[in-house]
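Trainee: Right, I'll just put the structure down here and ask away after.
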Amino acid sequence: DFSKAMSQAGPSQFQEVIRQELEYSMKVELDKILATAPSNELEHTKNDLEGFKKLFHRFLQEKGPSVDWGKIQRPPEDSIQPYEKIKARGLPDNIASVLNKLVVVKLNGGLGTSMGCKGPKSLIGVRNENTFLDLTVQQIEHLNKTYNTDVPLVLMNSFNTDEDTKKILQKYSHSRVKIYTFNQSRYPRINKETLLPIAKDVSYSGENTECWYPPGHGDIYASFYNSGLLDNLIAEGKEYIFVSNIDNLGATVDLYILNHLMNPPNGKRCEFVMEVTNKTRADVKGGTLTQYENKLRLVEIAQVPKAHVDEFKSVSKFKIFNTNNLWIALSAIKRLQEKNAIDMEIIVNPKTLDGGLNVIQLETAVGAAIKSFENSLGINVPRSRFLPVKTTSDLLLVMSNLYSLNAGSLTMSEKREFPTVPLVKLGSSFTKVQDYLRRFESIPDMLELDHLTVSGDVTFGKNVSLKGTVIIIANHGDRIDIPAGAVLENKIVSGNLRILDH
C-alpha cells in the first residue's frame with residue numbers, strides 16, 4: 001500500500017519510492033506510445049524508446065552538478081599536445097593508405113531556425129551559392145582525387161533533417177564521394193511538471209512535431225552502432241572517424257593529425273582525440289578539458305556549480321575549449337557500445353513550446369564520452385580550425401574577402417595583416433538570412449576591419465569598405481543607407497541617413 005509505505009519511509013526511502021513511481025509511470029506511457037507504431041517502424045521506435053528510458057533512469061538518479069569542483073585539475077602537460085609538434089613529424093610517403101582508413105562524419109541534425117530558415121541548416125548558402133553540404137562534399141572529393149583514395153562521408157541526420165537532406169544528395173551522385181546517412185534517435189519531450197511524455201503516439205508531423213526532439217550529438221555512438229553502418233565500415237577496413245559539426249567551416253580533414261593517430265610516436269594508438277583551441281573573450285562558455293579522477297574529462301558550463309561559474313569562464317585558469325572536432329577509433333566505439341560502457345553526463349535542456357507549455361529534453365554531448373575511451377588526447381589546434389557559422393554575423397565573415405575559397409576549404413586571406421577575425425555584431429534586423437541578404441547590395445571589404453557593430457534599419461550599398469572600428473546605429477524609426485563605394489574607417493554613424501536615387 002503506497003500511502004502506508006510513505007508514512008513509514010525516511011527521506012531517502014521516500015525519494016526512492018517517488019523515483020520508482022515516476023519510472024513506472026514513464027514506462028506505462030512509453031508502452032502506450034510504442035503500441036501506436038506501425039509494424040515497419042516498430043523495431044526502430046523500440047530502440048529509440050529503450051535508449052530514452054535509460055537516459056530518463058539516469059536523470060532520476062543524478063542529483064546536483066555532475067562534477068565535484070574540488071577534484072578538477074589541470075590536464076597533465078603531455079595530455080594536450082600543441083598542433084605544431086604534431087605537424088613537425090611530417091607526413092609518410094604512403095598518405096593514401098592512411099586516408100583509406102578514414103571516414104568523415106558530419107553532425108547534420110540541426111535546423112536553420114536560429115537564422116530564420118526552414119529546413120536543414122546544412123542547406124543554407126554560405127559562399128558563392130555553395131551550402132555547408134556542398135563545401136563538405138567538395139573538400140572530400142578534392143582529397144579523393146588528389147590522393148586517389150576512397151574517404152566516405154557519413155551524415156548523422158535527425159528526423160527534422162533526414163528527408164530534405166536525402167532529396168538533395170541526388171545532386172552528388174556523380175561526385176567522387178560515397179555518401180551514407182543514418183538517423184539519430186527520436187526522443188519524447190517531457191512535461192516539466194509531471195515528468196511524463198507529452199506525445200500520445202509515434203507520429204511526429206502536424207501538431208505532434210513539438211512532442212519529439214533529437215537528443216543531442218552524444219547520441220552518435222548508439223545510433224551509429226544500431227544503424228549497422230559502424231559494422232559495415234569496420235568490415236571495409238576503416239579505422240577512424242573524424243566527427244565535426246557541419247556548420248564549422250574550419251573542420252577539414254587534417255593529414256598531420258590523421259598520421260599521428262595511425263602512426264603514433266610511442267606505438268600506442270589513441271582511441272579518442274579532441275581538437276581544442278585557445279579561448280578568447282568570445283568563447284568563455286565553451287566546454288573545457290580537465291583532468292578528473294586520472295582521466296581527461298570534458299566539463300561543460302552546465303555542469304559547473306554556480307559558485308564556480310566565473311572561475312570556469314576565466315581565460316587564465318582554463319585556457320582552451322572544445323571545438324567539437326573529434327577523431328575516434330571505430331573499434332573502440334563498437335567495444336564500448338557492446339559493453340554499454342559509454343558514459344556521458346546528461347544535459348537537461350528546458351524549452352517553452354509555442355503554446356506556453358514548459359518541457360525538458362534530456363541530451364548528451366559527443367565529446368563528453370572522452371573519459372570512457374583509452375589513451376585519449378587533446379590537440380591544441382590553430383583557431384582557423386574553428387569557424388562555426390551560428391548567426392548571420394558569422395555568415396558575414398565567411399562571405400567576405402577575409403577568406404578565399406579553394407576546393408571547398410576556406411582560408412584566411414594573405415592580405416589580412418593579422419590572423420584574428422574581426423568582432424562583428426549585427427542587430428536584430430539582420431537575424432534572418434533573407435533580411436540580412438537584402439541589406440547588403442554586396443558584401444563589404446573587411447580586410448582591415450577590427451570591429452563592426454550594426455543596429456537598427458541599416459543597408460549597405462555596393463563596394464563599401466570597412467576599416468578599424470565601425471559602429472552604425474539607426475535609432476528607432478530612422479534608417480541609415482551606407483552609400484555605394486563609401487569607406488568607413490574608425491567611424492560612428494548614427495541618426496538618419498537616406499541616400500536618394502537620382
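Cβ atoms here come from the backbone N, Cα and C positions, even for glycine.
Heads up, TrEMBL stuff is auto-annotated, nobody curated it.
Source: prediction; values computed, not measured.
Summarising the annotation, TrEMBL assigns UTP binding site to Lys121, Gln184, Gly216, Asp247, Lys390. As annotated by TrEMBL, substrate binding site applies to His217.
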Trainee: Go through Lys121, His217, Lys390, the listed binding-site residues, and name the one with the sparsest Cβ surroundings, counting other Cβ atoms within 10 Å.
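Mentor: Each of the binding-site residues Lys121, His217, Lys390 was scored; lowest Cβ tally within 10 Å is Lys390.
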Trainee: List every residue in the same chain as Asp247 (UTP binding site), at least 6 positions away in sequence, whose Cβ is under 8 Å from its Cβ.
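Mentor: Sequence-distant Cβ neighbours: Gly110, Lys121, Ser122, Phe132, Pro388, Val389, Lys390.
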Trainee: Would you mind pulling the longest C-alpha to C-alpha span across Lys121, Gln184, Gly216, Asp247, Lys390, which the record has binding UTP, in angstrom?
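Mentor: Greatest Cα separation within the listed binding residues comes to 21 Å.
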Trainee: Excluding near sequence neighbours, so keeping only residues 6 or more apart in the same chain, what lies with its CB under 8 A of Gly216 (UTP binding site)?
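Mentor: Ile347, Asn349, Glu363, Thr364, Ala365, Val366 - these are the non-local Cβ neighbours of Gly216 (UTP binding site), listed in sequence order.
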Trainee: Just how many other Cβ atoms lie inside 10 Å of the Cβ on Gln184 (UTP binding site)?
Mentor: 27
Trainee: How long is the line from the C-alpha of the residue listed as 'substrate binding site' to the C-alpha of Gln184 (UTP binding site), rounded to the nearest angstrom?
Mentor: 8
